[in-house]
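As structure tokens, the structure follows; a few thoughts come after it.
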Amino acid sequence: MTGLSQPNTPESDTVQLAKVWTSMRNLFGLFMTSLTGLFAVIAVIPLAAIIINVAAQGLPLINFDLFTKLPPPPGLSGGGLGNAIVGTLIVLAIAVVISVPIGVLGAVWLSEFGRGTKIAYWVRFSANVLSGVPAIIAGLFSYTIIVMTMGSFSAFAGGVALAVVMLPIVMRTAEEGLVLVPEDVRLAAFGLGATRFEVVSRVVLPAALPSIATAVTLAVARAGGEAAPLLFTALNNNFWSTDLFRPIATLSVQVYFFAIIPYKPQQDLAWAGALVLLAIILFVSITSRVLTRKRVY
Amino acid sequence: MTLLDTEPIAIEAKKNARYYLDQAFYYTTLIFALTIAVALGWIILQIGITAFPAIEKFGLGFLTSTTWDPVRNIYGVLPQIYGTIVSALIALLVAVPLGLGIAVFLSEDFLPTFVSIPIAFAIELLAAIPSVVIGLWGIFVLIPFLRPFYGFLYTYLGWIPLFGSSPRGNSILTLGLVLAFMILPLITSISRGTLVSLPPHLRQGAMALGATRWETILRVLIPAGFSGIVGSVMLALGRAMGETMAAAMLVGNANRINISLLEPGSTIASLIASQFGEAGREQVSALLYAGLVLMILTLMVNILAEIIIQKFQNVER
């Protein structure tokens, strides 16, 4: 590679203007282009491999029982993950109920009232830092405030742990969407004599609805796959449970326990569970992507 | 004139129900916005308080002791700190060149957008795959696939202490490689955002001086976007250190420090995940202490990343 600063050699009387493909500079560029192109291909390989492997291992095991039956005792085959699927939905619902109102209304303050203030800076800073906190720490937090005080592992504790994971994602994504609503729309509503509450609830929030849906789906996709915060909050349960204050099974935790068990039928269930989980999460992620593209403004 | 006799119209807001609803709404949103800052502080405080018995008993010796003995209630996390840092460093070593290369490749118009956008989307989808699914795949597909390569490393490079043990599947190296692919989307998307947001005159200026495309990228664009790239790498480091399920499933959970990367090890997160379920009271306190150490490590890295990225954005404007 020759430098930019290298002067032309004074001996050369004719200047070569045509691009010489075999010059070191061009060969280097060609090499770097192919190398980074190769990198892009390498990066897509694990994604493809995971999806293909999980589908190949899991698809033959998808049947009606998988969604309706309880898991079998260790070593025995048959059964399904019905309780874990229901449990995942319950825990996620608790997390959504806690994190979405706080996240969306917090985002309203950031985008409507707090723009440019010191408080908004620190709230945003905390949200970014909190989203970098490992999910397992959210589990420990929920353990100390709920499991230790109530004396038992529970679906509720799992929901609180996932809410901590979801909150920064909901708040930051919703804020990004709210900021995109044009200022004119707000001014027009204020000009008609609306209060701040009326402007936000009747004009800004409906306009930003697709972005808020994106925020919620992104957070659900992230939290739905988390097993670490649930290991010692929701724990696990081999039976049907819809009691919010009892331990509950979830898909991700079930996949973890069945993956490290030395029995073939359980490992098969782990693959089937992984496929269901992956299908749900890819569906939700792609949905949120499509929602983002259809911005009203 | 009747018009002059009318009362003046009150322009200021009347303190009626509408006014109070509006005030209540404002303060509700403010309180919810502050919740996130409060939550961050509360998490640190709460874990610190619960870990306090262990902090009092083991002090800073917890960080330098290699014993983890639930039977005698003696705890130390040096092997876990070592495993956390080494596996995260392996991940960075693989993911930084890969992610940065892809970021350049996708941002510098080498490809038409109908090709580059699906590739960028595919790499982002990689981030959406649950880590427990990646762990399952790692156990049953990746480890059998890697075993011949590990055998090769041991046979021909075994004289280097890093590869100096007969290979097992579950090892620090396996975890490092898996973590590399888990943090790749983060590095790619943030570095790409940084490169795309650089002012166009930088590129035009370099090209006008006769630089080739790659000379522009390596000598102008990457130095100009350096802090954004460093920020993305720091965020990725934080993510790699805190990753739990893949670690618990792939690292082998061996409570030892081994120079050889082909040996099983342990990380702070994998320790907590694998032991918390059956832990007694003192062990729970020790595990929370370990969690506090992990929290402090990742907080430092994340806060630094935030500051670097914000500094960079301010320069841009």
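Cβ from N, Cα, C; glycine included.
TrEMBL labels come from automatic prediction, so no person has curated them.
Residues or ranges marked as domain 'ABC transmembrane type-1' by TrEMBL: A:85-288.
If you look up TrEMBL, you'll see A:27-56 (among others) marked as transmembrane segment.
For the transmembrane segment (A:84-110), the list of distant contacts is 67, 71, 120, 123-124, 155-156, 158-172, 174-175, 178, 200, 204-205, 212, 215-216, 219-220, 223-224, 230, 234, 237, 240-242, 244, 248-254, 273, 276: same-chain residues at least six beyond its ends, Cβ to Cβ under 8 Å. The feature transmembrane segment is assigned by TrEMBL to A:84-110 (among others).
Annotation source TrEMBL lists transmembrane segment at A:122-146 (among others).
Listed by sequence, the residues of this chain that lie at least six past the ends of the transmembrane segment (A:152-170) yet keep a Cβ under 8 A from its Cβ atoms are 87, 90-100, 102-104, 107, 127-128, 130-131, 135, 138-139, 141-143, 145-146, 215-216, 218-220, 222-223, 226, 229-230, 232-235, 241, 243-248, 250. The feature transmembrane segment is assigned by TrEMBL to A:152-170 (among others).
If you look up TrEMBL, you'll see A:269-291 (among others) marked as transmembrane segment.
Long-range Cβ contacts of the transmembrane segment (A:27-56) within its own chain (Cβ-Cβ under 8 Å, at least 6 residues beyond either end) map to 1, 21, 271, 274-275, 278, 282. For the transmembrane segment (A:122-146), the residues of the chain that approach it from at least six positions outside its boundaries are 106, 109-110, 114, 154, 156-158, 160-162, 164-165, 167-169, 171-172, 175, 226, 228-233, judged by C-beta separation under 8 angstroms.
For the transmembrane segment (A:269-291), same-chain residues at least 6 beyond its ends with a Cβ under 8 Å from one of its own Cβ atoms are 50-51, 54-55, 57-59, 61-62, 66, 71, 79-81, 84-85, 210-211, 213-214, 217-218, 220-221, 224-225, 251-252, 254-255, 258-259.
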